[in-house]
Amino acid sequence: MPMLMLSQEIEQHASEEEKDCCSSDNSGTACESTPSPKASRASSLYTSFQRVELKTSRLTPIVDFEKDHEVLQLINRTLNRSRRMIVLTGAGISCNAGIPDFRSSTGLYDLVKKQFPELSIRSGQEMFDISLFRDEQKISVFAAFMEKLYSSVKLAQPTKTHRFIAHLKDRSKLLRCYTQNIDGLEEILGLAMSNNRTEPNESLNSHWKNCDVIQLHGDLNTLACTSCFHVFSWNRFWSRSLRRGELPTCPSCEEKNQRRSREGKRNIQCAGFLRPNIVLYGENHPSCESIAQGLNFDILRGRPDFFIIMGTSLKVDGVRRLVKQISKQVHERGGIVLLVNKTTIGESSWHGIIDYQLMCDCDTWVSYLESQIPDFFKTQEQVEKLRQLKREASDLRKKRLEEQRNSDKNNNALKTPPQTPIKVEDAKSEKIGKLDSAMNKVKRKLMTSDSRYDGKSPYKRTVTMALKKEQKIAENS
């Protein structure tokens with residue numbers, strides 16, 4: 001199987017990574033004894049809620065969305081809150097783009113048998129096996145069939161599911177997408193593909209962090225030499241050659257042999273042939289070790305909290321091992337594993353590994369998500385703008401509340417009478433009282449000092465007028 005060696009490499013690197021992560025600096029302390037930061041009560045309650053309500057011990061199929069509405073709402077809520085998702089895709093996500101899958105009644109395997117009935121093959125899968133290069137007739141059929149498939153891929157456009165994966169990337173929620181597809185439709189949406197390694201001296205970790213989509217089974221959009229493994233892009237000449245059922249000769253090998261001939265040296269080997277740069281059954285994966293290391297980097301350090309499997313029946317052995325390893329890590333973090341595929345899989349072998357299977361088309365599920373959680377499909381720019389508006393609204397509410405409190409405080413101060421008299425009024429009242437007392441004393445003294453004068457006496461009238469004048473001046477002051 002093409003993924004058998006890859007799965008063995010994954011297990012080997014997983015054990016090595018676990019040892020590295022568990023060992024501390026200059027000490028033999030195990031990773032289990034390292035204290036972890038205390039989570040908030042809300043997050044711990046939410047994690048517990050996830051495990052109780054969504055984690056299942058048996059694979060639960062969901063066929064009717066209305067009947068299982070409550071469970072789907074919990075899944076949607078978990079999906080909306082997840083931050084580090086891993087996605088695994090198969091041929092089912094490209095069927096709506098006009099590219100056939102492999103194992104269905106209208107898939108590539110049956111298509112090969114119908115188009116080439118003269119071939120003595122038990123199943124169409126034999127046309128994707130490395131052993132076909134032992135038969136000249138099978139090589140010719142393989143070349144013509146691959147050119148036809150390549151032509152259909154070049155006309156295809158990404159589906160709604162492809163755009164959903166690109167949206168996860170735009171929202172910074174996509175940790176990695178692993179795909180079994182060879183069509184490369186994700187690249188049209190701007191996702192970085194693993195086979196497009198532009199800098200030869202780039203380190204593995206740096207290259208892996210910059211990749212969005214890991215192509216597990218190769219890339220149909222390039223050709224590779226069977227001898228020197230040099231990779232080339234398609235051109236019209238090579239396309240016509242493959243359409244005729246002929247594999248073109250590798251120009252790199254030819255140039256090397258010609259150079260040795262000019263130097264008077266014998267040719268070390270025959271020139272290789274160009275074929276689609278895909279991984280066949282029974283073939284060793286050329287990027288086996290790098291994919292294994294990158295996968296363990298995602299599992300142990302990427303902290304995935306949601307795993308979505310779409311458009312695959314999980315028949316390839318290496319992919320099955322990959323799913324089990326990722327699922328274990330996701331479940332340990334309180335996340336769930338969701339499979340979206342129209343056909344059933346062997347449920348008994350996936351109990352405790354996959355939590356739910358949605359029995360529907362992948363694009364149908366994405367459309368359902370759009371109707372249920374529309375905010376999830378906002379662009380990052382829209383999300384940032386919405387957050388800014390919420391912050392501004394919150395600041396405005398706080399400002400209005402503060403102004404209302406100040407206004408209420410001032411109103412209460414005006415309504416409440418002062419507890420003590422104002423000092424200015426006290427001084428004025430005291431001054432007026434002293435003046436009245438002094439004036440009364442003077443009046444009494446004048447009135448009693450000379451009883452000879454009656455009320456009609458000019459002297460008494462003058463004194464009385466003077467007293468009244470002084471009293472008026474005192475009152476005015």
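The backbone N, Cα and C atoms fix where each Cβ goes, and this holds for glycine too.
Noted in TrEMBL for the protein shown:
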ACT_SITE  HIS217  active site, proton acceptor
BINDING   CYS225, CYS228, CYS250, CYS270  Zn(2+) binding site
COMPBIAS  10-22  compositional bias 'Basic and acidic residues'
COMPBIAS  23-42  compositional bias 'Polar residues'
COMPBIAS  423-434  compositional bias 'Basic and acidic residues'
DOMAIN    61-392  domain 'Deacetylase sirtuin-type'
REGION    1-42  region 'Disordered'
REGION    401-440  region 'Disordered'
(message) Test of understanding: give the count of other CB atoms lying within 10 angstroms of the CB of CYS250 (Zn(2+) binding site).
(response) 23
(message) By the count of other Cβ atoms within 10 Å, pick out the sparsest of the binding-site residues CYS225, CYS228, CYS270.
(response) CYS270
(request) Looking only at the domain 'Deacetylase sirtuin-type' (61-392), report the model's average pLDDT. (result) 88
(message) What whole-number Å value do you get for the CA-CA distance of CYS228 (Zn(2+) binding site) and HIS217 (active site, proton acceptor)?
(response) 19
(message) Return only the integer: C-alpha distance in Å from CYS250 (Zn(2+) binding site) to HIS217 (active site, proton acceptor).
(response) 22
(message) Centre the Cβ atoms of CYS225, CYS228, CYS250, CYS270, go out 8 Å, and tell me which other residues of that chain have a Cβ in range of the Zn(2+) site.
(response) THR226, SER227, HIS230, THR249, SER252, CYS253, GLU254, GLN269, ALA271, GLY272, PHE273
